[in-house]
């Protein structure tokens, strides 16, 4: 029987993580459970930095970006001896289960703890929207609004100077954030990690647009596809049009979460408590067709693939 649980946030922060923590804490307390907040992710778990949370611990956090528990990269967690210390710390504190909020790397940590006999539930918290088993991740919609605002502002200055603007968007190997922002922002060109990219082909498309009378353009590109500064130099050289690259960077992770992220995080947090009380461990929570779902965390990490929104890209191309 579950009586006391821990909750931590891990990996890159995402707007809505605080709402998720609040959902976990409030739902657990309603069911008569005790909750301990673990500071700075798996590193804090290893260092035994945790404290009991009550209803007031999560008051006035639903609107705050980031995570008040903190987060940290902790590669040492791959070491089984380090993980054993974490398990011993949780057992000494009387914890029966752990809720982990983060991306696929955080899920891997939860998987390893589950394999050591400690039940964990994973909640998808990342702006990249790259976690399998869920339509959307906590933080994605807030980041989308942040990127869209930046694109709108870039369009203002690009049109004034008849300039080509490249905007680099986060996402790692997933282009969901770039694609959605590009459609909403009316970007003329989209470069995604899921689609083979050729700078030469992009230049041809830009030149075709110029021949049709296009006086400015915005190229939305996901990070890590290429060096955007070098791409800007190449485009300017080949087209004769002033071209500038803007890397949005970590600004995409910040800010007060939008309504949908707050609702999603609250639902997922509460649902994690339902699963634990039903005896589940080694599961990850998702939302599919607006319904809460859960999957085996090993399956989500190793076997499930996020579907590429090819139909969205087809739509975007029709609108250029």
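Numbering starts at 1 and runs along the chain as it is shown here.
Cβ from N, Cα, C; glycine included.
Here is what Swiss-Prot records for this protein:
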- 12, 73, 74, 103, 104, 105, 106: ATP binding site (BINDING)
- 22-26, 55-60, 155, 186-188, 212, 214-216: ADP binding site (BINDING)
- 104: Mg(2+) binding site (BINDING)
- 126, 127, 128, 163, 170, 171, 172, 223, 244, 250, 251, 252, 253: substrate binding site (BINDING)
- 128: active site, proton acceptor (ACT_SITE)
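Ranked by CA distance from residue 59 (ADP binding site), the binding-site residues 12, 73, 74 have 12 at the top as the closest.
Other residues of the chain with a Cβ within 8 Å of the Cβ centroid of 12, 73, 74, 103, 104, 105, 106, the ATP site, are 10, 11, 41, 102, 108, 109.
Most Cβ neighbours within 10 Å, among the binding-site residues 104, 128: 128 holds that distinction in the structure as shown. Here the candidates are the binding-site residues 56, 186, 216, 244, 251. The one whose C-alpha lies nearest to that of residue 104 (ATP binding site) is 251. Comparing Cβ neighbour counts within 10 Å across the binding-site residues 22, 244, the minimum falls on 244. For the binding-site residues listed here (12, 103, 105, 186), the lowest count of other CB atoms within 10 A around the CB belongs to 186. Within 10 Å of residue 12 (ATP binding site), counting CA to CA, the binding-site residues 22, 56, 172, 186, 216, 244 contribute nothing. Among the binding-site residues 74, 103, 216, the ones whose Cα is located within 10 Å of the Cα of residue 126 (substrate binding site) are 103.
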